[in-house]
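Visitor: This is the structure I have questions about; it appears just below.
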Amino acid sequence: MPVKKYLLKCLHRLQKGPGYTYKELLVWYCNNTNTHGPKRIICEGPKKKAMWFLLTLLFACLVCWQWGVFIQTYLSWEVSVSLSMGFKTMNFPAVTVCNSSPFQYSKVKHLLKDLDELMEAVLEKILAPEASHSNTTRTLNFTIWNHTPLVLIDERNPDHPVVLNLFGDSHNSSNPAPGSTCNAQGCKVAMRLCSANGTVCTLRNFTSATQAVTEWYILQATNIFSQVLPQDLVGMGYAPDRIILACLFGTEPCSHRNFTPIFYPDYGNCYIFNWGMTEETLPSANPGTEFGLKLILDIGQEDYVPFLASTAGARLMLHEQRTYPFIREEGIYAMAGTETSIGVLVDKLQRKGEPYSPCTMNGSDVAIKNLYSVYNTTYSIQACLHSCFQDHMIRNCSCGHYLYPLPEGEKYCNNRDFPDWAYCYLNLQMSVTQRETCLSMCKESCNDTQYKMTISMADWPSEASEDWILHVLSQERDQSSNITLSRKGIVKLNIYFQEFNYRTIEESPANNIVWLLSNLGGQFGFWMGGSVLCLIEFGEIIIDFIWITIIKLVASCKGLRRRRPQAPYTGPPPTVAELVEAHTNFGFQPDTTSCRPHGEVYPDQQTLPIPGTPPPNYDSLRLQPLDTMESDSEVEAI
């Protein structure tokens, strides 16, 4: 019961409202608020009232404008960057080394036989276009050539360029010219790409024939190697004991057994030192070459694939532990016959994350499936971009590219199963839409480590020491008293920390919530002398205004609802005498003038005396409905 009574009182209080009019509320607010200005509006003369009203309105607008500026600045999520440098004991970076040639030519020559013969014939046609090709074309296998041929574009007449097939089938869109030839100065080599049915063809132009034949050979070699089993490809590459001749980390000796092998399609067998997958990460506590990693490599360039690897040297990359080495995009070359010294400075980037920076902690919030997770590596933006491209490749070309990991259940592209894959792949590779889509979907890592390298080189070995160094290395690797190595095939590497080995770049919010509140309060206090309590007072009067408005609207709706069912009077309103008679005719007797049908008076008809006092004031005479009334006791209790 007490709860019900309390709720009833609350209901009556809500129905009654604040008990003030709009004007009374405004006057009360101006008299009681702690904000400067409103009190002067009601206490001064007419002129000062107008002046203070305008000043208060102006400063209130200034405060609102300044608040909008500060809130907009806060919601822009700007960051400030702090930089710190120094030297400390750090984990030595993972070092990935590869050979420029992915395979030994002696082991893949049987796979590339037809392609190499075709390549030699192409070079002959480019270098000697007037020579006879009848004997050459008879022994060539044109199966590969027919899928993606090279053509010559005769641009001696810019208005009517002529497209010529290298092996005799000359054609032009308007004027065929069989047997036409042109020299290298007047022609450009291009690659013709056609769809499966041959109805749609495009030409990919190059500024140099070297670029054209290299890209064409790599494209055809990709088709061949994509059909070879992965374990067979590993066997065709360079073995670790053949490429890694010597290893020293600080004062501790190491060997090829301290390297983790990984197959990278562009460079074949690669080897990673200090990757941290199965072994403990090695630290480095001192700067200088004596405390770093020293390697001697044999790249064996005498066994390079002639048309596949045109660069001789070692390809290497420094990266963080448990990350996949994207050595094609981020690696560097070390030249054969030199000693290359690499001083390392570690940049640690610590981004703030959403909403300040569009980055990800581990890639879990990225829509692209990371295909490199099969290597148990961490997320990187390169892994996301490559996975995104492979996803587009599968959706548009129905097959995956040989250079990227393959999702489960899919097949690599090749000319036999997917005849127009090259046309689809090169169109997708040049698509701006595809690149923009992948860039918009992939995010940078919030915590990233980059290695800045200072590189210096010198000839190694020197002429004076070349003989004995090559003898020793040949004896250690091949147990031969003769020199089996060449200066053109060996590379020496020194990788070490510099004097300052780390630099931390950290983001922090430029504007936090404390900054926002202090600026909002400062502007309000400066222009109007207010505080948080003044805002609460203003909020209170706004609530009262809304309260009064709602009560008035409810009362107006109720009044309209009551008036609608009442029918208008058919005659004139009753007089006072008739109203009094209604209260005095207790027996509900008929009128004295009423008669029977034949003029006879009713026998029980009586004339009652008219009272001398007015009728009592019963509740039934109230003009206001009961549901809007409340007792005096309830009002006093509230």
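Cβ coordinates come from backbone N, Cα and C, glycine included.
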Visitor: Going by the disulfide annotation in Swiss-Prot, which one of CYS397, CYS399 is bonded to CYS413?
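Guide: Its disulfide partner, as Swiss-Prot records it, is CYS399.
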Visitor: Considering the residues SER132, SER180, SER445, SER631, which is the one that Swiss-Prot annotates as phosphoserine?
Guide: SER631
Visitor: Check Swiss-Prot and name the cysteine among CYS359, CYS384, CYS534, CYS557 that pairs with CYS442 in a disulfide.
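Guide: Answer per Swiss-Prot: CYS384.
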Visitor: Of the disulfide-bonded residues listed here (CYS194, CYS359, CYS446), which is spatially closest to CYS187 (disulfide bond) when Cα positions are compared?
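Guide: Comparing Cα positions, the closest of these disulfide-bonded residues turns out to be CYS194.
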Visitor: Averaged over the whole of the topological domain 'Cytoplasmic' (552-638), what is the pLDDT?
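Guide: Here the predicted model's pLDDT, averaged over the topological domain 'Cytoplasmic' (552-638), is 57.
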Visitor: When the number of other CB atoms within 10 A of each residue's CB is tallied over all shown chains, which of the disulfide-bonded residues CYS194, CYS247, CYS270, CYS424, CYS442 has the maximum?
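Guide: Of the disulfide-bonded residues CYS194, CYS247, CYS270, CYS424, CYS442, the most buried by Cβ count within 10 Å is CYS270.
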Visitor: Do any of CYS194, CYS247, CYS413 (disulfide-bonded residues) have a CA within 10 A of CYS397 (disulfide bond), and if so which?
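Guide: Passing the 10 Å Cα cut: CYS413.
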Visitor: Out of CYS359, CYS399, CYS413, which of these disulfide-bonded residues is nearest ASN205 (N-linked glycosylation site) by C-alpha distance?
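Guide: Going through CYS359, CYS399, CYS413 one by one, the Cα closest to that of ASN205 (N-linked glycosylation site) is CYS413.
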Visitor: By a simple count of other Cβ atoms within 10 Å, which of CYS201, CYS413, the disulfide-bonded residues in the record, is least packed?
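Guide: Relative to the other disulfide-bonded residues in CYS201, CYS413, CYS201 has the fewest Cβ atoms within 10 Å.
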Visitor: Could you find out if DSSP has CYS187 (disulfide bond) as helix, strand or coil?
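Guide: Where CYS187 (disulfide bond) sits, the three-state DSSP reduction gives strand.
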Visitor: About how far apart, in whole Å, are the alpha carbons (Cα) of CYS270 (disulfide bond) and CYS247 (disulfide bond)?
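Guide: The separation of the Cα atoms works out to 16 Å.
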